[in-house]
Amino acid sequence: MSSFLLAFLVFCAIYTSEALAYPHISKRQDQSIPLIRMNQGRKTLEEKAAWARRQADILLAKYGGGQTSAVQKRGSGFNDIVNHNQDSSYFGSLAIGTPATSFNVILDTGSADLWVASQKCTAGCHNIPTFSGTSSSTFKNLSAPFKIQYGSGAAAGYLVQDTVQMAGFEVPSQTFAVVDQVTTGLLTNPVSGLIGLAFQTIASSQATPLWESLVKSGQWDEPLMSFFLTRFVNVSKANPEEPGGKFTMGYTDPTLYGGEIDYVNIPQGQQAYWTLPITSLVVQGQNISITAGNALAAIDTGTTLIGGPPSIIAEIFAAIPGSAAGTGDYQGYFTYPCKTQVVVQLSFGGRLWSIAPSDFLLTQLTTEECLGAFFQLEMGGDSPAWIVGDTFLKNVYSVFRFDPPSVGFADLSGTAHDLSVINGPLPTQTLNANPSSPTTELASSASSRTTYSLSSIFHASAFIVILCILL
C-alpha cells in the first residue's frame, strides 16, 4: 500500500466519522435567533432633544394618527432604523437568495412588510450592506413600486420575490421590498432593513408576512413567536453593540421565563397590530383612570418608548412630585427629579406588570433633571391610543400567538436577568444547510455577511464520504 493511499484512508476515517457524527436535524419545528442590541453613545442635549421630538412624528406616521380609516396601509419600521444610536434598537438576521446572503434587520411587531436596501441604492445607503438580485438565481422582479413616507423622511423602491430564510426556516418566493432611495440618516450600518411581524392586514405590499407564511403552512410546532430583550440603558460603560436577547419562532423558551404565560386575546376585529386593552395603570402606587375609548395599545418591539393619550400621560407625571411638562423639542414629554425612583405598573386584563425605574428614565438632562420614557401621543381616528414599546417589553418575556390571536407575558427568569451583562459575547451570523436545522445566529457587523452555495457543500461532502466507503 502506497504512502499516499494510506494517508488518504486515514483522512477518510476521520472525515467519515466527523460527517456521521454531525448533529441530526431535530424534528422539532422551532428555532431561535439571538439578538444584538445597539446601545447609545454619549449625546449632546441638542441631539437628545432632536431625537425626542422625532419619536412622536415617527409614531404618527407609522400608525396613521389623525386618519379615519380602520387600517392604514403603510410601509414600516423606520423608527428603529433612525434610532440605532439612541439605546433603543434590537435586530436579528435573515438570509435572502440563492446562494443565500445574510442581512441584519430590525424585528418589528408594529409593521408587516419586509424590506432591505438595494445594491443600486442611490441615496441614503452609504456604507450599508445591500442586496443584489442579480446574484440570486431565484430572484424575481415584480416591477411594482413601493414607497414609504416616514415623518420628515421617505424611502422608495420596488417589490420583488426571492427565497428568504430565517431562524432555520425557509419561504420560497417571499414578496418583499428592495429600497433604492432613502432619506439620509434613516439607515445605519450594520442594519440593512426591517422585517414586519404584525398581520398581513396592514402590509403596504399586501404580501403575506414571512412569519404568517410559516405559521399558516404548519412549519411551526406552536403558532407563536416570542421575545426576550436585554437591558443596558443603565450601564454607563456598555459597548455600542451588546447581546440583545432572543427571538424564537414556533416555541417559547422556558429557561427565559418563570411561572405561567398570561395570555390576553386581541379584541375581535383588531387583528392588524398586536393590540391589547390597557385595563389598569398604576404610578407610584396611585391608580390612573383609563376609559374604554382610550385603552387600546399596540405592543410594538420596533418602538423604543411608550406613547399615550395626552391627558393620561399628564396624570402619570402628576403622580410624580417635582415633574414638569417639557417645552420646545421636549414638548409632549415630561421631566422629573432624577433622585425619584418611578415605578409604573400596567395590566392588559390579567396581572399587573412593573416597569423598572431604569427603563422609565429615558435620559438625564442635568444632574438633577431626567426625562421620562412616557410621552404624549395624539393618534386620533381608529389608530391605537397607546404604543407600548421596549420600555415595557424589556421587563417581561413576551409571546405573540397567532391562534387564538393573543399576546402573552411572563416573568423573566434569573437566567434571563443574568444575560444583561456588559461585554458579553456577540453572536455571529450563520446560515444552515437545511431549513429545519438549528439556530440561526446574528451578525455583529456588516463584514460578517456570508454568501455560499448550500447544494455545493452538501454534494462535495457526500462525494467524499461515498469515495471513502468504496475504498
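One-based numbering along the chain as shown.
Including glycine, each Cβ sits where the backbone N, Cα and C put it.
Owing to the predicted nature of the structure, the values given are computational and were not obtained by experimental measurement.
In TrEMBL this protein carries:
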type: SIGNAL; residues: 1-21; note: signal peptide
type: DOMAIN; residues: 90-410; note: domain 'Peptidase A1'
type: ACT_SITE; residues: D108; note: active site
type: DISULFID; residues: C121-C125; note: disulfide bond
type: ACT_SITE; residues: D300; note: active site
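Averaged across the domain 'Peptidase A1' (90-410), pLDDT for the predicted model comes to 92.
For the pair formed by D108 (active site) and D300 (active site), distance between Cα atoms is given as 7 Å, rounded to the nearest Å. Ranking the active-site residues D108, D300 by how many Cβ atoms sit within 10 Å of each one's Cβ puts D300 at the top. Between the C-alpha atoms of C125 (disulfide bond) and D300 (active site), the distance comes to 25 Å. In this structure the C-alpha atoms belonging to D300 (active site) and C121 (disulfide bond) are separated by 28 Å.
Taking a C-beta cut-off of under 8 angstroms and a sequence separation of 6 or more, C121 (disulfide bond) has the following same-chain neighbours: I128, T130, V179, D180, Q181, V182.
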